[in-house]
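Worksheet: one structure, shown below.
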């Protein structure tokens, strides 16, 4: 689950708090940076009814700060203490994005997306755009676009070349406006008189009416990042599939290599056996030479025999030596046959290795071709991920990677049958509704994975 500091860091990226006015109080108003949140909610303001409806351990992001000035007392029945008390009791956190968000998002969005003006250029709070219409035409257009029954205007009917917009209450800034018309809310009499004297037409589009799109804008930004997270999670799944695919392709080659290695080991064992046989043969041949010398010596002794007893002893010695010669010759013959058998086995294994080597060569060519195709595909996917990551906020990426360390390819999961697709535990109706709306980045309260609603075919 994300921490307040991580969410605040992300919001800081899209709308720096340093842009807020000195009198403003945007930022973390209630809570702690180390707190984890289950859900994030967006609203124009923090009301008691809204706060009481939120589940514990949630984060509320509002446009208007709940606290503007230092409080001298906290009276639970009065605003804003009643709301502060509810926030603290439910362990809710509160962040405000006010004048900084006006400059980075709200003014441009209302001018271009809501009112449909093109070529909007922001200068601080003020959004400038070409008009090319009369005051009557502009008033009618504003009523239609904002759903207003009536609109208060200041100034004479004329043709307008350039317009300006300040969401909320910006009438006091009229003297600094470089346009024919200013669209803003809460226009006061004194500000209206100054604008009229400067030849600037004023159109009161309402404070609430011009700022009520805050939630819509921020939800859109969060939803865009959620869609990017789903996309990057799918890319990571594809990236992680490449190595198993290459391993699968190499399976047949690895089998051939393993068989060759097995045969090579068998040849080595047979080679050792053959050397042992050769040593035994040499030993028997050496023994034969010794026996031959002994028989020659016995023959010489036979010529010098004088008694029958000596004759018998010599005959027995000769007989034993001849038996040993016979045994040695038989052993040499047996060893030769065994050696030939080992050599035949070695030859057979070498022939198999030769066949396998040819097979290996053919397989390697096919494998190399397939691996090159996969590597090219992998490079393409990596580039797609890099392009996506560049467009995304790095704090969101860090948040995603943090979850991915333990969740692997199940860090961003769909909700199926109202259960998390990662831990398979059912989520409550409120969180499920938030997932379906897909306006915020919602995490599973049980495992912390990022959730999204799966589109049913």
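Cβ from N, Cα, C; glycine included.
Caution: TrEMBL annotation is automatic and unverified by curators.
Binding of divalent metal cation 1 is annotated in TrEMBL for 63, 207, 211; the matching candidate from 102, 180, 240, 272 at the same site is 102.
Residues of the domain 'C4-type zinc ribbon' (419-451) grouped by DSSP class, helix first, strand second and coil last, total 9 helix, 7 strand, 17 coil. Counting in whole angstrom, residue 207 (divalent metal cation 1 binding site) lies 12 from residue 64 (divalent metal cation 2 binding site) by their C-alpha atoms. Minimal Cβ crowding within 10 Å, among the binding-site residues 102, 211, is found at 211. The Cβ of residue 207 (divalent metal cation 1 binding site) has 17 neighbouring Cβ atoms from other residues within 10 Å, across all protein chains displayed. Cβ neighbours of residue 63 (divalent metal cation 1 binding site) (same chain, under 8 Å, six or more residues apart in sequence): 43, 44, 45, 96, 97, 98, 101, 106, 211, 214, 215.
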